[in-house]
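One structure is given here, and the rest of the page talks about it.
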Amino acid sequence: MGPVMLDVEGYELDNEEREILKHPLVGGLILFTRNFHDAEQLNELVRQIRDASHERLVIAVDQEGGRVQRFRDGFTRLPAAQSYAALNERYQASRLAQEAGWLMASEMIAMDIDISFAPVLDLGHDCIAIGERSFHECPEIAMDMAESFIKGMRSAGMKSTGKHFPGHGAVRADSHKETPRDERSLNDIRQRDMAIFKDFIQRQLLDAIMPAHVIYSQIDERPASGSPYWLKSILREQLGFQGVIFSDDLSMEGAAIMGSYAQRAQRSLDAGCDMLLVCNNRKGAVSVLDNLSFVKAERISALYHHRGRYTLSELQASDRWKKANQMLTQLQEQWQERA
């Protein structure tokens, strides 16, 4: 399987996209809001993607909840991560987070989608790019909520992706628009932001990790997503992480410091990423495919969903889905009223 995850433009594949998906470097595809009209159309698009590729691709989406939820009509409107602990006592918050993880994963698997890039493990709500996507500013509470969410995902048959290593929450800047700089010491980052990653790796709660397009300037002048120090020395060697490392989208401005699209891809791969996201720029994606040295992404196949297929309507007829949908819809409405 190839190490590149691409996107497509619309509701169905065009001929160019069918050819691109056959490229040996392509190993995954991520879906966005622009790819979604309704559940029936989405189901057909996923079928087209499966049929177009010579190998089984990992199909992904960002279906976190709150403001980052690509598919809405016909699916449960998931609450923002911050809402669980903000509006509930600890036990109930954990219970709701677990049901949200299960429901989100179950709905995506019903569409034959392998993974949602979740959960967000960043701490605090001040960063423009993170905000309500963070479970809490307190590491212990964030760990409790995130662990419950992961347990729910796994019970549905979906693997987890913790993001954004080693922590994006302490910078205000948005890495979609610029390259943020975190001026803290390595010890400060270890004691706070990295603690949740370390704990979850030790307890084997993370199947994949996505590093941040953030420069931690006291440690390395390269973004973590393109830093061998962060990905090989810290994540692989010191923390012992054996799962998949995804780059964040290489079209983000936070990655531009690494050079052209082909250079960003090669540097991220050399730094230790297993799969590279190249989205929202077809020319850049083609440049990556034309220039990247072929590397087989051995770890990626571990992320395929592993539950028997059921339709979305069959899932929505189940008692557990009905109860979870009711609780989470109520929480989402309460959170919107508060906002």
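Numbers run from 1 along the shown chain.
The backbone N, Cα and C atoms fix where each Cβ goes, and this holds for glycine too.
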Quick check: of D62, D126, which does Swiss-Prot put in the same substrate site as R70, R133, K163, H164?
D62
Between H176 (active site, proton donor/acceptor) and D62 (substrate binding site), how far is it from one CA atom to the other, in Å?
15
Of all the recorded positions given, D62, D174, D248, which residue's CB has the most CB neighbours within 10 A?
D248
Cα distance, D248 (active site, nucleophile) to D62 (substrate binding site), nearest Å?
12
Determine the C-alpha span of the substrate site listed in the record, that is the greatest distance between any two of D62, R70, R133, K163, H164, in Å to the nearest whole number.
19
